[in-house]
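A quick write-up on the structure given underneath.
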Amino acid sequence: MAGQTVIVSGLNPAAILQSTIGGATPAPAAENDHTRKVVPLSRDALQDFMVSIITQKLQDEKQPFYVLDLGEVVSLMDQWNAGLPNIRPFYAVKCNPEPSFLSMLSAMGSNFDCASRAEIEYVLSLGISPDRIVFANPCKPESDIIFAAKVGVNLTTFDSEDEVYKIRKHHPKCELLLRIKPMDDGNARCPMGPKYGALPEEVEPLLRTAQAARLTVSGVSFHIGSGDADSKAYLGAIAAAKGVFETAARFGMSKMTVLDIGGGFTSGHQFTTASAAVRSALEQHFHDEQELTIIAEPGRFFAETAFTLATTIIGKRVRGELREYWINDGLYGSMNCVLYDHATVNATPLACMSNRSNLNCGGSKTFPSTVFGPTCDALDTVLRDYQLPELQVNDWLIFPNMGAYTKAAGSNFNGFNTSAIVTHLAYAYPS
């Protein structure tokens, strides 16, 4: 194993931070270590950690579980700060609201994008200040606006006249961000479509309405779509936002000081390309805005690769060369991302019960396999024609990159309780 791997369930994850990141003040270092910074788990270390959870029977009744790699979260924040050093992330809570994950992000300086009263309450319950929240839902129930005013969440988005009237009535001190619709989000994994964002011809009337209501429009927001593969979409959106700033100035409104560039980021090469496009567009269109605060609403960038899911094989059927397996999580649970987030999942065998001397079945013959979820719906099929070695009931299948829009959107259909899936925390120190 490369480095030490430990279970830290029950520990404040901020306690492992060894440096100040993104302007946050870290909590004290982990006991017996005051100098080393945590790093992502190696593949072998992650496997060893999962095997220890399984063999030590830390999971009751062989239930599915997640591992959250806190070192990966630290690494992702380092990548963000290197690529977009002047842009403060407001993590999109809807993507994955795991409390230890949110606490870790908070300790590293991230703020939070909440879309409902429940999400605001959840973030506040972690001891996070309301001034670190943007209520980034352009269409809110009046009761949620009243609650935001009560607890001091004073920044929100809007894209309609009716929203202006609701905010004027219930939270007139709230600062507003006009949500505009980017013209090019066709390459997003999950495009926003027509649901959100003011069209170009709607911008001036909406600014006039907010001005007449004596509300402060502090800036502009947009979202190019979740998981967008085309970094050029940011170029057009940032140019359009600059046009809104200029329109507000022409109307004699208070100077806009906030630009929210939304989400859509994924880690790795795509982030390198996207961040370069964002920096270029900001330099081109906002180089003269000295008082500008730039924020973003990343979700999957931080969540996707930090979580790994372990599932148990609960059933098996052989039909000639075809192997069919049933596991105890599926499309109505964590793998709902296959349907709603257009995700592609991959599985690695962990033969804890049938082949402990060769856990990954390296060198073993593989078979075309189907993997079903546990519910009685035939739609609940996780993988088809997927090459897997011969596995047995009570072996495990491991799914990496399962942090974005997984457990958060799962259901309890057929009595399989997605919300009950436990998350184990781990981190490693460099060797």
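Quick reminder: no glycine exception, Cβ is built from N, Cα and C everywhere.
The structure displayed is predicted, hence computed values, not measured ones.
For reference, Swiss-Prot has these:
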- Cys376: active site, proton donor (ACT_SITE)
- Ser226, Gly264, Glu297, Pro298, Gly299, Arg300, Tyr405: pyridoxal 5'-phosphate binding site (BINDING)
- Tyr340, Asp341, Asp377: substrate binding site (BINDING)
- Lys94: N6-(pyridoxal phosphate)lysine (MOD_RES)
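Taking the C-alpha positions, the distance from Gly264 (pyridoxal 5'-phosphate binding site) to Asp377 (substrate binding site) comes to 32 Å.
Other C-beta atoms found within 10 angstroms of the C-beta of Glu297 (pyridoxal 5'-phosphate binding site) number 27, with every protein chain shown included.
Using a 10 Å Cα-Cα cut-off around the residue listed as 'N6-(pyridoxal phosphate)lysine', the binding-site residues Glu297, Gly299, Tyr405 reduce to Gly299, Tyr405.
Of all the binding-site residues listed (Asp341, Asp377), Asp341 sits in the most crowded Cβ setting, with the most other Cβ atoms within 10 Å. Arg300 (pyridoxal 5'-phosphate binding site) has Asp341 as its nearest neighbour among the recorded positions Tyr340, Asp341, Cys376, Asp377, going by CA to CA distance.
Note: the Cα of Tyr340 (substrate binding site) and the Cα of Pro298 (pyridoxal 5'-phosphate binding site) are spaced 18 Å from each other.
Cα-Cα distance from Asp377 (substrate binding site) to Tyr405 (pyridoxal 5'-phosphate binding site): 21 Å (rounded to the nearest whole number). Residue density at Gly264 (pyridoxal 5'-phosphate binding site): 34 other Cβ atoms are found within 10 A of its Cβ, drawing on all protein chains shown. Take the CB of Tyr340 (substrate binding site) and look out to 10 A: across all protein chains shown you find 11 other CB atoms.
You'll find the Cα of Asp341 (substrate binding site) roughly 15 Å from the Cα of Pro298 (pyridoxal 5'-phosphate binding site).
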